[in-house]
There are 4 protein chains.
Amino acid sequence: MSFNSFGHMFRVTTWGESHGPAIGCVVDGCPSRIPLSEADIQPFLDRRRPGQSRFTTQRQEADQVKILSGVFEGQTTGTPIALMIENTDQRSRDYGDIAARYRPGHADFTYDQKYGIRDYRGGGRSSARETAMRVAAGAVALKVLATLLGPAVRITGALVKMGQYSVDYARWDDAEIQNNPFFCPDAGVVSLWEEYLTSLRKAGSSIGGVVEVRAEGIPPGLGAPVYGKLDADLAAALMGINAVKGVEIGEGFAAANLRGEDNADPIRQEGGEVRFLSNHAGGILGGISTGQPIIARFAVKPTSSILVPVPSISSTGDNVEVITKGRHDPCVGIRAVPVGEAMMACVLADHLLRHRGQQG
Amino acid sequence: MSFNSFGHMFRVTTWGESHGPAIGCVVDGCPSRIPLSEADIQPFLDRRRPGQSRFTTQRQEADQVKILSGVFEGQTTGTPIALMIENTDQRSRDYGDIAARYRPGHADFTYDQKYGIRDYRGGGRSSARETAMRVAAGAVALKVLATLLGPAVRITGALVKMGQYSVDYARWDDAEIQNNPFFCPDAGVVSLWEEYLTSLRKAGSSIGGVVEVRAEGIPPGLGAPVYGKLDADLAAALMGINAVKGVEIGEGFAAANLRGEDNADPIRQEGGEVRFLSNHAGGILGGISTGQPIIARFAVKPTSSILVPVPSISSTGDNVEVITKGRHDPCVGIRAVPVGEAMMACVLADHLLRHRGQQG
Amino acid sequence: MSFNSFGHMFRVTTWGESHGPAIGCVVDGCPSRIPLSEADIQPFLDRRRPGQSRFTTQRQEADQVKILSGVFEGQTTGTPIALMIENTDQRSRDYGDIAARYRPGHADFTYDQKYGIRDYRGGGRSSARETAMRVAAGAVALKVLATLLGPAVRITGALVKMGQYSVDYARWDDAEIQNNPFFCPDAGVVSLWEEYLTSLRKAGSSIGGVVEVRAEGIPPGLGAPVYGKLDADLAAALMGINAVKGVEIGEGFAAANLRGEDNADPIRQEGGEVRFLSNHAGGILGGISTGQPIIARFAVKPTSSILVPVPSISSTGDNVEVITKGRHDPCVGIRAVPVGEAMMACVLADHLLRHRGQQG
Amino acid sequence: MSFNSFGHMFRVTTWGESHGPAIGCVVDGCPSRIPLSEADIQPFLDRRRPGQSRFTTQRQEADQVKILSGVFEGQTTGTPIALMIENTDQRSRDYGDIAARYRPGHADFTYDQKYGIRDYRGGGRSSARETAMRVAAGAVALKVLATLLGPAVRITGALVKMGQYSVDYARWDDAEIQNNPFFCPDAGVVSLWEEYLTSLRKAGSSIGGVVEVRAEGIPPGLGAPVYGKLDADLAAALMGINAVKGVEIGEGFAAANLRGEDNADPIRQEGGEVRFLSNHAGGILGGISTGQPIIARFAVKPTSSILVPVPSISSTGDNVEVITKGRHDPCVGIRAVPVGEAMMACVLADHLLRHRGQQG
């Protein structure tokens, strides 16, 4: 059962609400003798942290991670690694509005239907704040991958579409991703995005986006043919990120338009090296990695926390108009980039350990 | 761990290769006293069965399901339900080609990388034949849903896109779906699809497609906020179907283009009844069902089993050209329709039982 | 969730009732390229098979196992291994008595309380017949252990106590175990047991027993310190065998009587070899194997299927006296011996694969 | 996979070492709207806490539990409940001895074999300190049971044997259990135990014991017939407590001595009420609860932390004699009593939720 856990061999359990004393996670199944310290995790949290540009929520959190267990003298011990971040910016405010009204597009209504009780402060477990712990767990996963597979392992995420404005893949530059507030790999589109997002923010509106995540240096053989498929697990992991409404691998939905001969990836051998001539498959065939880069994309809806009024009901059933004030991201797709990277790292670490276990 | 199982409370484990004596599954966790007989399952298998039109593979299988356990005097007993289909059309043929060469776009290469051994006859576990057991399990899941939730439950799948030719949603007619060999809900596009697929078949080629699945009559409250999200589980279930490369819920990838106020689903109360004015969310908010229809779509790639030669390598590493003869579907998206329905039924049955268990 | 499965990496799911068409199991997670055929499994089933002496039930079953999937050209493929035994001796008889009355000491009453329906023919899932599939799965597990760990692996079970008559450990002889109908390792007690069991059988009564199972050749390091303890998993596996009421490891309950210095196992190094001078721990410390023989014992209650009348109630609540006629074992502990061996093999195979997966 | 978790619907994950900054656990799957505060948990921790009499270790820990998530306005929200206890008595000392030598009877040797690294300070994860979190989780489980089943639910543990000195069951008095430092239910044996344990402590030795745990007010129907057996899960839970070497249910090992007619529990109906006339079964038949009290016992070995020297080896392989100084319990069975109660509460809460989920 997995209400708040994911993974099997590399298993992550998260806990905490954005307005409680802390949030945290337990990483179970991490092999022993992986070098690990808080300094390995903090930079990833810093990338995800809000308040770094005017394009993300102004909520200020230091997001300082602490390792509470599972590490001894700089190395993992094989026992559970507990990570915790104390919540420091629990701004005291009046939640009367949110407590009494269901914000459209939010989980307020469904929480009440399911649990009959709701921690309305900041979205409870559905707060994007929970994703900080995924990023922390992803940093541990990346250390596992790098230690077991070597330095060729690299996971790269980027925002490839904001509203209708896509990047030009011909201009893709990994180095550019860190140069702008959007994790955008195409320098040519950055100023357009800046203007666009500024206008949306002023209008109190929001916009969706598409994120791409790529893993390099992953050996062939990870995954399984039927229900432990690597792509199925990636789909669950990425669809499970807040506000995600679609996931695709490799060619994805565009594969529906292709003929068999155009979608197949030819294989050649040269000097003993096996090489695929294209990567429509996104690095996965029959649920198992091919050794090519693993490529996934996911669509993030526009946040429903906007200043434009939307019809809704109160928790007592009255018709109301809801405006969601507060500190929000006009394009939540931006901050979903490091989260997507983290989820891919976790899924790959899990499958790597599973694969090792299955070997005769 | 789940190499060949899916679900938690309603748990399905499948086994069998297309060229062994039989395929089967075990459905564990089915509540007791659900009326069940082979006649409840067979019609679903008949819909998925190949060889019913010139647009699907000509492999002939009776696909006669047998219940081997878990049912007593016409009712489930709460113990595991074993289902089995004997393989009858194991046409004796020469597999020399497939045994020695990796078919591009197939799992041949990755199997050898993972397992070091490969049952090359008909694709082994990666054969679409395995999906017959998903359909059988889905039929049991549907009985569970109908028995526990009442007759309002209905799951409907359809092919909504073949290559570049989409259906017109304005002409959608559920009744039409059974009237054509494509599970197409739009009578206006059927003859176009017929011509198109006939020409592809003659060219020895294939094409991708998009399937939509809708569940009605599902109460609010199924799912969980973080890692037991209903949409994440649906994503895994649908991405796990052979040849699927993308999954979306509700507005899906199109949500990336929308502004917050356009993507939010307004809520109104009228006469004590809560009603959403739109369903961009696809019936799921924060991972939990809203009570609206649950809507998912998935993209199916064109089969790589085509008569057009594609460069590849032999299992000994030589460069070769591969043509895959045999009995194949020019658009595997067609037969994926009942499989998609079945997977949605299984996921919903699982979440319904989980939800009941979680209730105080 | 595990209603009918056990194990994680090496996962066994069983199905079937004693009076249905067949019983079976699916072994999932078995590594590829393990040599396996029906001839590897059948001898274990033959040992467990009833009707081999006058001291076990006279039910006659050929118990002929079939491998339905997961093996190709004599080797496992890494895909699920389905095993099936057809039920051949479903003697047609009148179950009126059992259908209407709760046999004391049986699960009749609890089944009705739980499920509201009960397959009363032969005990349904609680029939000892289900254990045939555990023995079959155990044979696969043993192949895994032998292939991965080498020929030093050996699992030996024996009946060490029948009623009040224990074996003399000083006379223990592994070879003797196959020489008598009791799996008794002490030739000196066999004739006493014969007389005793004959008199019990004539009286229509039954008696309990204690089984010991020992695994040799298991390396140190299997298990985990907290909830994946090797001894905890063994306890669950052995307590889960029909009629078992107690499990102990190494010194077991006798450890309660000992002082620390008498229970500790001294360690010595000699010529580079680490050696424990005793094995009170039963080969497990802190939930992890030490490399010494792993030793477990379990207590089997006397079967409640006896000719002596016992007060009970009918399913409609009337007070009745119940005599259970039919073909039963006066000491079910005897046939529990191969089942205990099988469960230990499954637990060890599971932990071996888990351990490999966890290694950095 | 479950290295550091147990349970399925009511799932507990613990983390932390005795010498790190804190220990904690995450309780996932707890139904919403269960009243819960730290005051519900603290009394159970206080019972388990060391240093309360001269018969337990003198380590002083406040063991003050904090609820970090999952509770809102005094009620559970259905989201994960994180509990934490900060370690306050991490006495700075020289661990040179323990770091370099394997204490016989401890997990030092097996840890090094498994992980190649070992947090030698206080036993790491194998420290009895970890059980504090089990007790905390058990307190939550008990609230779940009491809320869902009513006030008749009661779980009672007691030490029934210290070394060779058993309690007299005829003198059993639940109220007495809280009156002495041994959780002893028989006032008549307390002074004998006091003298005995005092002499052992003076000799620097230790002794084993047997604990009994009883659950009343549990309805029939919890459990499952094959691998989700209530007794099998109890066996795993109790065997998983530190130093436990044996577990039995109801009559337990004594059932091996009994004839069928003596072990069967007769059933009578009187005034519409079903009543068992005895409880050899310990409240479980065929893996499912009968509605009678559930009774389990477990054997705890004497701690190996003694002042009597025992031969062992250093981590570099040299032969040494080991004396384990420090603050230890001469009879760890005493403090295992509240841990046993907690584990039973957790298993029952898990099975209660599973049972509800399985119901049609």
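Keep in mind that glycine also has a Cβ here, set from the backbone N, Cα and C atoms.
Quick caveat, the model's predicted, so the values are computed rather than measured.
What TrEMBL records for D:Arg48, D:Arg54 is NADP(+) binding site. Residues or ranges marked as FMN binding site by TrEMBL: D:Arg125, D:Ser126, D:Ser127, D:Asn242, D:Ala243, D:Gly286, D:Lys301, D:Pro302, D:Thr303, D:Ser304, D:Ser305, D:Arg327.
Distribution of TrEMBL features across the structure.
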residue	record	Cβ contacts under 8 Å, 6 or more apart
D:Arg48	NADP(+) binding site	D:Asp63, D:Thr131, D:Ala132, D:Val135, D:Arg335, D:Pro338, D:Val339
D:Arg54	NADP(+) binding site	D:Thr198, D:Arg201
D:Arg125	FMN binding site	D:Asn4, D:Glu17, D:Asp119
D:Ser127	FMN binding site	D:Glu17, D:Ser18
D:Ala243	FMN binding site	D:Val300, D:Lys301, D:Thr303, D:Val332, D:Ala336
Practice item. Within 10 Å of the Cβ of D:Ser305 (FMN binding site), how many other Cβ atoms can you find? Include all protein chains, please. Key: 24
**Study point:** Neighbour tally for D:Thr303 (FMN binding site), based on other Cβ positions within 10 Å of its Cβ
**Key:** 26
Exercise for review: Inside 10 Å of the Cβ of D:Lys301 (FMN binding site), count up the other Cβ atoms and send me the figure.
Suggested key: 30
Review point. Are any of the binding-site residues D:Arg54, D:Arg125, D:Ser127 near chain C, where near means a Cβ under 8 Å from a Cβ there, and if so which?
Key: D:Arg125
Review point. For the binding-site residues D:Arg48, D:Ser127, D:Ala243, D:Thr303, D:Ser305, which ones lie near chain A, with a CB less than 8 A from one of its CB atoms?
Key: none
Review point. Which of the three DSSP states, helix, strand or coil, fits D:Arg48 (NADP(+) binding site)?
Key: helix
